[in-house]
Each structure stands twice: as C-alpha cells, then as structure tokens.
Amino acid sequence: MTVRVPAKVNVQLSVGPLREDGYHDLVNVFHAVSIFDEVVAKESDSITVQVDGKWSDQVPVDDSNLAIRAARALAKHAGRTYGADLVIQKDIPVAGGMAGGSADAAGALVACNELWGLGLPIEDLMEIAGDLGSDVPFSLIGGTAVGTGRGEQLSELPTGGTFHWVFALANGGLSTASVYAECDRLRQAAGAEVPWPQLNDSLMEALGTGDAYALGRNLSNDLQAAALNLRPELAPTLDAGGQHGALGAIVSGSGPTCAFLAIDATHARDLAQSLTATGAAHTAVAAHGPVQGAVLV
Ligand code: C5P
C-alpha cells in the first residue's frame, strides 16, 4: 500500500493564551501544498519503519517516530495485534514547520487501514489522528481548512483557485514546542493580554475568490516573532522575498521554513531561482496549493 501525503503552510496562525494542558487554542488556517512524502506499508509480523529520501538522516526510526505511533494507535483501536513494515520516502523538510511528521503519521494511518483490511471510515482515522498530534487530522484531509482547539478540530474552506508558493528551506529544524514556549516568553515580557484568536474575514474572502494579491496581504503568523528570535537569520530571507516581488512572505508554522506567495507558476519558478541565486536561501522549492490530503496511489 502506498500513500502520498502533502506538506502544509499556515496562511493564518493565530495563537490564543496558554491553556492549562500546555497547549494553546488556535485559529489555524491550514493550506496543503504540493510537496509530498510517500508512505508504503508492507505485510510484516511487527511494526517497523525505514526512512529514505532527502532528509532521512534527521528522522528517528525508534518508538518516537510518529508513523510507528500512528500504526500502533490504529492497531490498538482495531483491538488486534497487527504488523507492518513502513517505508517513508521523505521530501517534506523535517522539523520545518510544514507538518512533515504529521504527514507521515497520516500516511501510516491510511496505508495500514488498507493493508490490514480494517475499512475504518475517515471519522475514526481523524479521531486517532487528533490524539497523535495537532496537525495530523489536517494531513488526512488536506485542501484548505480552519483548525480550532489545538488545531485538530477542522472545517474545510472552499478556495477559488490555485495559489503558487515558494518555500525557502533552512538548515536544521526548529522544535514546535520550543517556538510556542518562546512565543509565551515574548508575550509575558510584553505584559499585554493575549486576545482570543479570530478568523480573518479578509483572508477568507481572498481564499474564496482565489485572489493571490489579497491573500498575500493577509498572511499572518503569531509564531513568526518567536521563530525569528530563535533564528534571526530568517529575517533577511523573508525580506528578500519582497525584493523579488513576492505577494507575501511568512514563516511557515513554527518554522524555520519561509513561505513566499507568488503571482503565478512562472513567477514562483523565477522567485525560487532568485532566492537561491542571491544566497537569500540555500534551497528554494516551488509548489502549489491547495492539494488533497493523504491518498492511496
Ligand atoms: O500537537 P503536537 O504534538 O504537534 O504539538 C507539539 C507541541 O507544540 C506541544 O507539545 C505544545 O508545546 C505546542 N502546541 C501548542 N499549542 C497547540 C499545538 C501545539 O502549544 N495548539
């Protein structure tokens, strides 16, 4: 069984006050983009994982691997002992703010559901996904969706067209937990009350009408200041996007990947080339969204 799963960028990431359980309530507008991991599940007596591809040396293959945890959680839900050898072909940056680990978990859920002949509906997979991580449910459905709660309670959003993006990949990842912690620290130091997160109506309209210019103006990420504090070298990368005509530039999720919205596919290719040629990014990848979530191929 082979499943293809997309990366995501957050076009709005509004972070509410710190909750008692250590999480934050969010208004998190996810958008799935055409950078994919592939998860293959083969029959086996036990659950194992092997990681191939670009970033394979950065992914743990022990029990902390999110795809292994996903397969185990699915077997537990089904109430039986099942095995699967999982092979992940990685293209999504690791700890890059693009939900690469979540994509692999979603891929493992869909692949093992099929391999083991469980036939569980998407609703059941979504529930298991939410327990694995805040972004895993979105990796299952893809498209564009607003996540509330920890980000796991999703409503799909209609989009009026395809958006073209460039992603500047950074050397080394950022831990999501440390970026949220830095966000809390900055907020505490500023001493201002943290408002309850609200969905941006202008952003909704831009997504609905497919207006890339309006979407570019309305991109927002409450984690950006924290990610920039932890990685000051990202600031000139973001600035370079504007110099090369990006309609918007933002840190993707908890970073350190930077996302640039382009006018069209040609502009995205040119922008990617300019960012690498000028040294603003060492690697830049053009992609489009929205794309569908985890699918059997
Ligand atoms: O849910 P997930 O395991 O992906 O979250 C990783 C970390 O990110 C959490 O341990 C928490 O520190 C932070 N987080 C948060 N609020 C959210 C989602 C994640 O504080 N809504």
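Glycine residues also receive a Cβ, built from the backbone N, Cα and C atoms like all the rest.
What TrEMBL says about a protein is an automatic prediction, not a curated fact.
TrEMBL has this to say about the protein:
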type	residues	note
ACT_SITE	Lys8	active site
ACT_SITE	Asp135	active site
BINDING	Pro93, Val94, Ala95, Gly96, Gly97, Met98, Ala99, Gly100, Gly101, Ser102, Ala103	ATP binding site
DOMAIN	65-143	domain 'GHMP kinase N-terminal'
DOMAIN	203-280	domain 'GHMP kinase C-terminal'
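Overlay of TrEMBL annotations on the structure.
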residue: Lys8; record: active site; contacts (Cβ under 8 Å, 6+ apart): Phe30, His31, Ala32, Val33, Met98, Ala99, Asp135, Phe138, Ser139, Gly253
residue: Pro93; record: ATP binding site; contacts (Cβ under 8 Å, 6+ apart): Ala7, Trp55, Gly100, Phe167, Leu169, Ala170, Gly173, Thr257
residue: Ala95; record: ATP binding site; contacts (Cβ under 8 Å, 6+ apart): Gln58, Gly101, Gly172, Gly173, Leu174, Ser175, Thr176
residue: Gly97; record: ATP binding site; contacts (Cβ under 8 Å, 6+ apart): Leu174, Thr176, Ala227, Val251, Ser252, Gly253, Ser254, Gly255, Pro256, Thr257
residue: Ala103; record: ATP binding site; contacts (Cβ under 8 Å, 6+ apart): Val5, Pro6, Ala7, Phe36, Asp37, Ile92, Ser139, Ala294
Could you give me the DSSP helix, strand and coil counts for the domain 'GHMP kinase C-terminal' (203-280)? 44 helix, 11 strand, 23 coil
Would you mind checking how many other C-beta atoms are within 10 angstroms of the C-beta on Ala99 (ATP binding site)? 29
Reading the DSSP string in three states, the entry for Lys8 (active site) is strand
Grouping DSSP H, G, I as helix and E, B as strand, the residues of the domain 'GHMP kinase N-terminal' (65-143) number 46 helix, 8 strand, 25 coil
Output field, ATP shell: CB within 8 Å of site CB centroid, site Pro93, Val94, Ala95, Gly96, Gly97, Met98, Ala99, Gly100, Gly101, Ser102, Ala103 dropped: Ala7, Ile92, Gly173
In the predicted model, what is the mean pLDDT computed over the domain 'GHMP kinase N-terminal' (65-143)? 97
